[in-house]
Structure formats: C-alpha cells, structure tokens
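Data block below; observations after.
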Amino acid sequence: MERSCSVKSRDSITHQDHAPAPPCSRGHTPPPSQRRSRRTMVDVTKWPLFSLMEGEELSSIRQACVFGTSANEVIYITHNDDVYVFGLNCSNCLGTGDSQSTILPKKLDFLSGRKVVSLSYGSGPHILLATEEGELFAWGHNGYSQLGNGTTNQGVAPVLVSASLLNKRVTEVACGSHHSLALTNTGEVYAWGYNNCGQVGSGSTANQPTPRRVSNCLQNKVVVSITCGQTSSLAVVENGEVYGWGYNGNGQLGLGNNGNQLTPCRLVGLQSLCVLQIVSGYAHSLALTDEGLLYAWGTNTYGQLGTGNKSNQLSPVQIMAEKESRIVEIAACHSTHTSAAKTQSGQVYMWGQCRGQSIVLPFLTHFSCTDDVFACFATPSVMWRLLSMEHDDFLTVSQSLKKEFDSPETADLKFSVDGKYIHVHKAVLKIRCEHFRSMFQSHWNEDMKEVIEIDQFTYPVYRSFLEFLYTDNIDLPPEDAIGLLDLATSYCENRLKRLCQHIIKRGITIENAFSLLAAAVRYDAEVSPASTPSNRTWRSSALSSV
C-alpha cells in the first residue's frame with residue numbers, strides 16, 4: 001500500500017479520497033502554501049531597484065516582489081497595508097492606470113488597506129494578487145485573456161476577477177508565461193488564459209477567457225498547493241500526491257514521457273512519497289517530501305536539475321541524497337533556469353544557470369536564504385516568491401542574537417536607565433564584555449539582581465552599547481557617540497572606542513563642532529598616551545570645521 005500524508009491547511013475541509021491511504025507516521029506537517037510563504041530576513045537592497053530608496057522607506061516594507069522580463073518592476077506592501085509600485089511598467093504591469101515608467105514609488109490606492117496573501121506574475125507580465133478576504137485582482141498583459149475578464153484588452157489597473165470566482169475564496173495564485181491558476185480555500189483549482197499546450201487543463205488547446213475549474217482526476221481531490229512553469233501546471237493534493245498538465249516536451253511534468261497533457265495526470269514517479277512543496281522553473285520542477293528528500297525532473301540545459309550532467313529527466317530523480325541535513329525549502333521560478341534549496345541547518349545551495357554559468361551540482365553558498373540566490377545569481381534577478389521582510393524559522397547565530405536583543409520573553413536581566421528598561425541576557429554579556437564578565441561573579445551584588453540601575457549614562461547611549469554587544473554595530477548621531485565613547489573608555493572596550501571615533505570624525509559639521517571639540521578635550525585627558533594621535537586627528541577635524 002502506498003504511504004500518504006495529511007497536509008490539510010483549511011479548517012473547513014472534511015472531504016476524503018474514496019480510498020484514503022494511512023496518514024504519515026510523522027504527524028501533521030504544514031502545507032506547501034504555508035512553507036512557500038515562510039518568513040525570512042532578507043536585505044532587499046540586494047536587488048538594485050531598491051538601492052535608490054531611503055532607509056525610512058525600506059524599513060516600512062513588509063512584503064515585496066521584483067518581477068519583469070529584466071527584473072525592472074517592483075511591487076511592495078508596507079506595514080500599513082499600502083501598496084506601491086515602481087519600475088519600467090511593461091504592458092501596464094504596474095497597474096497605475098497609465099503606461100508611464102516611474103523611478104519613484106506610486107501608491108495603488110485601490111489595493112491599499114487590503115492584506116495580500118499571495119502574488120504571482122507572468123512573462124508579459126501580468127499580475128495576480130489574492131487578499132486575505134479571498135478576493136482576486138489582476139492587471140497587466142492580457143493578450144491571451146490571462147487576466148480572466150473575458151477580453152484581451154490590456155489591464156491598466158487592478159480589477160477584481162469575478163467570473164466563476166464571485167463566491168469563491170482564493171488563497172493562492174500562480175502564473176505561467178501567459179496562463180493563470182487560482183486555488184480556493186476548499187481545495188479547488190481554477191485556470192484560464194493561454195492554452196496552446198493544455199496548461200489550462202480543460203481537455204482542449206483553446207484559450208480560456210475566464211476562470212474554469214480544473215477537474216477530471218482532480219474532481220474529488222483537495223488541492224493544497226499550485227505552481228506553474230512557462231507553459232505547464234502542477235498541483236499537490238492533501239495526501240501528498242502530485243498532478244501535472246500542459247507542455248511536457250522536455251519532461252517537465254515528470255510523467256516518464258514527453259507528451260503534452262490536456263488534463264491533470266498523476267506523477268507516478270512520486271507515488272510512494274508524500275510531497276510537501278513543489279516549485280517550477282522555466283521548464284523544470286523540484287519536489288520536497290515530508291522526509292526532507294529532494295526530487296527534480298524536466299529540462300536540464302543549464303544543470304538546473306542538479307544531477308551532475310545536462311541530460312533532461314522525464315521522471316523525478318532524487319538529488320542531494322548525500323547531504324546529512326534534511327532539506328526544508330526549495331526554490332525555482334518560471335522565468336529563470338536557477339534552482340535553490342535550504343537545509344535544516346541553514347545551509348543554502350544553488351545550481352543551474354547562475355550568472356551565465358551552468359552549475360550542474362548543488363553548490364554551497366554563504367547565503368542565509370534562498371531568496372538571496374535569485375537576487376545575486378538568477379537571470380533575470382527576479383524574486384521567486386512574494387517576500388516577507390520578517391524572521392525565518394532558521395536564523396543564523398548573528399540574526400538570532402540580533403532578534404533577541406531587548407526581548408522580554410527570553411531575557412533574564414533588565415537594566416533601568418532614565419526610567420526605561422533594556423532587556424538582556426547575562427550569558428551574552430559575559431561572553432562579549434570583560435566588564436560584565438567581572439560584574440557577574442558570585443561575590444558581586446549585581447550577580448543576584450534582576451534589575452540593575454544605571455545612572456552614569458543616558459538611555460540612548462547605554463542601549464546602543466548593549467545593542468553593540470549583540471550586533472557588532474552602532475547607529476548613533478555624533479553627539480550621542482560622544483557619550484558612548486566615554487562609556488567605551490570606562491569599560492575598556494577598545495573596538496567600540498574606534499567605532500565611536502569614526503562616527504564622530506565622519507559627522508563633524510559647523511553646527512556641532514564646538515560640542516564635539518569640548519568632548520575631544522575631555523576625552524583626551526582620560527585616555528592613555530598611546531591613544532592620543534588618533535584623538536588628535538578627529539580633534540583637529542573639529543577645529544578645522546569651526
């Protein structure tokens with residue numbers, strides 16, 4: 001009997017297959033749709049389009065997606081649920097109501113205030129966006145009715161897709177080159193748009209102008225995740241089975257042949273496995289099982305299957321079997337030939353087309369998330385998913401420390417400064433600072449306290465010092481850096497002293513020169529002679545500004 005698993009994600013689902021297999025012994029596992037939206041901590045400025053944005057604008061971003069033929073378009077959502085776009089605006093894909101490009105972000109008022117749960121883009125490009133309320137909006141290229149509005153007119157602004165979906169709640173969307181898929185909360189799949197190879201799953205090759213339910217062998221199945229290649233479609237059902245339809249000329253459906261499929265067909269090569277996540281590249285696919293095993297099939301021109309050669313695979317083959325740490329996430333995108341995977345230990349691998357090179361075996365990177373692979377090595381450097389600017393389940397040590405600074409939930413000590421608390425961890429302070437290593441000895445009173453009062457330094461200064469111990473960084477204006485410099489001297493933190501000196505030297509202006517000079521004189525009297533030349537340097541800089 002085949003092994004199967006339960007990956008239900010919808011509370012209302014009670015439907016079971018006619019001949020259900022026993023559930024996985026490992027118990028409940030998050031569905032692919034949740035795994036794909038796993039929150040991660042990413043520096044969006046790795047995508048060049050974000051490099052013109054100011055720090056305040058960047059910090060307001062909650063979700064973002066870089067898309068387009070040359071990765072020249074951006075849509076992002078702020079913490080206030082405002083939706084902004086900027087970029088080249090090919091085929092009106094920015095949805096601003098005109099065809100003008102813009103280097104400055106423009107707000108899409110029609111979508112603002114709606115919480116976005118899923119977003120995908122095609123090659124035209126066209127855009128699909130699903131909200132928390134289950135509404136589906138579409139705009140952009142529409143030459144093949146991929147917007148689902150029954151016409152082939154360009155979509156210059158977001159429009160609600162209502163045909164056949166009016167009383168449905170959409171939870172996930174996926175776009176191929178010029179076709180569209182939507183998944184509802186009841187596990188139904190709807191498809192529309194370009195259908196030259198059967199990618200809409202209607203049983204014909206006629207284009208589909210409005211959403212149509214994909215049925216046939218999916219009729220009595222509850223689908224939990226969907227994905228698209230350029231002209232192919234794949235779906236994972238609640239027991240871990242995988243179904244594919246559409247173009248199969250290079251084996252991208254994994255059926256063991258290269259014949260196109262006009263209706264969904266089960267991937268028998270995965271029948272003994274329970275698949276949790278599936279992703280598609282331009283013409284290849286990856287599947288991740290509940291045991292952390294990775295399978296690949298389809299086109300392999302650039303080594304995107306990771307098999308060590310460039311031979312296409314008509315059926316799924318296991319890769320990365322020799323890795324000791326299980327795979328927890330896989331990544332691919334229909335507009336690239338790049339693949340990536342992340343292990344439970346936080347290692348990120350990439351293979352396929354990477355900046356023009358063909359990497360035929362998974363290559364271990366220094367990245368902390370799969371998204372960075374696409375920012376730095378994919379062509380075009382699009383995002384493979386709607387990215388959330390929050391923490392991931394698998395953080396590096398430095399990211400974990402940064403996350404836990406001033407965290408009441410895990411702290412075992414509080415500093416009270418100017419009437420405000422700063423939450424810290426004794427172990428971290430002892431590891432990072434000799435002053436605290438001495439303080440937290442059994443014969444010191446402080447070692448027994450849960451709250452330590454600090455009255456020698458201001459709150460901004462002391463908080464910056466403690467944050468430095470967690471992050472190795474300081475972010476203070478030069479005026480406050482003076483106080484931090486005094487603290488660093490008192491606590492014998494030489495590296496911190498050098499960082500403060502650098503901030504002060506760099507921040508000298510006519511307005512603050514006198515106050516900085518006074519601090520320089522006071523500080524000069526307190527340090528050893530060995531430090532004096534460095535101090536004279538920035539003291540001279542202050543004098544020259546006066």
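Yeah, the Cβs are placed from backbone N, Cα and C, and that goes for glycine too.
The feature region 'Disordered' is assigned by TrEMBL to 1-40. According to TrEMBL, the feature compositional bias 'Basic and acidic residues' maps to 1-18. Positions annotated as repeat 'RCC1' by TrEMBL: 81-132, 134-186, 187-239, 240-291, 292-344. TrEMBL lists 411-478 with the feature domain 'BTB'.
Residue counts for the repeat 'RCC1' (187-239) under DSSP, split into helix (H, G, I), strand (E, B) and coil, are 3 helix, 23 strand, 27 coil. Counting residue by residue with DSSP, the repeat 'RCC1' (81-132) contains 3 helix, 23 strand, 26 coil.
In the repeat 'RCC1' (240-291), the DSSP tally of helix, strand and coil residues is 3 helix, 23 strand, 26 coil.
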